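If you look up TrEMBL, you'll see 127-149, 283-340 marked as region 'Disordered'. The compositional bias 'Polar residues' annotation in TrEMBL covers 138-149. Residues annotated as compositional bias 'Basic and acidic residues' in TrEMBL: 315-330.
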Amino acid sequence: IMAEAGAGGPRLAELLALGRRLWDELEASTESSSGAPAVQDKVRQGLDALQRAAAMVTQLELFSENEELEEIASADLKFILLPALLGALTLKQVDLSRRKEHLESAREHFLSFLKLCKNYGLGSFQLPPGTSGEEETGSLSTPRDPTQPNLVAMALNRKAKIERYKQKKELENKLASMSSSVESGTADEDQIREFYILQIQKWIGTSLEEIESIDQELVILKSRDAARQVPAGPRGPSRPARTPMKPFILTRDAAQARVFGAGYPGLPTMTVDDWYEQRRKQGIVSTPQRVPGANDEERQKQQQETQEEKDDEEALRKARDWDDWKDTHPRGYGNRHNMG
């Protein structure tokens, strides 16, 4: 197997190096938008190179569950990082319509990397809860109230995050001090082996963090999809569609309706009472309740105006009767008080 790997090594190493270089450029990029064409082009190139490299590793059977870490050649250790890099680049894709698919694919890549590391004893860590063959951290034999938070698991999770952060900083410092000698080719085999193992351990922490973030986002996406699929029926009867109202003139009373109707023949008139009655039949509003103060004053005003109209009609009738009487009776008719 190692001979085959050596034969295909240069090509395989070139693909991995291309994927790593593109990943480093994306991480150091100052591009404001991750959806920029130049950024997404690098993502596609990196994914293509790493996927081809992963296929070659599988074909060569470079890693086996039956071997120990010491059996892996130092030059081949770097290929363990392939699934982790694939997961990281998969998350860089910005197609929102396929976001769930990308999240699940990236999670599988990170999980494959963690399982591979677990098999070779690279790092001390727990696989994410629910992973096949791994017991959940903090699980108890006694049943727990699901409505109450698992304080033990939360405390352990917080402690693990703090520990991973400290380890990450230590690993970054060690890698920075060793990178120059490894890249220049002056490092011996032991140094090269340690350098690759430190890189793997750094990506173990990154993969655990990414899986936790992916799981949280998947929960949000599933809740959103479920909310979109809920039928509208259980939330109550839907309101009937309202027909658009035609323009009309709203008046205070019938007298105003007659006046405006004569002046604006193109628009129908409607009194306030008629308008409320129409709305009540449509089920939009209920019959309005009269306000004691304002409505009583308005009603008194209307009554006063009506009374004044009646008084005017009575005065007009009397004046017409008086004119008719004077036409048939000369001035002084019936005056018998000063007959002399």
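The backbone N, Cα and C atoms fix where each Cβ goes, and this holds for glycine too.
Remember, TrEMBL labels are computer predictions, not curated facts.
Long-range contacts of the compositional bias 'Basic and acidic residues' (315-330) within its own chain (CB-CB distance under 8 A, at least 6 residues past either end) are absent; none are counted. For the compositional bias 'Basic and acidic residues' (315-330), the number of residues in each DSSP class (helix H, G, I; strand E, B; coil) is 14 helix, 0 strand, 2 coil.
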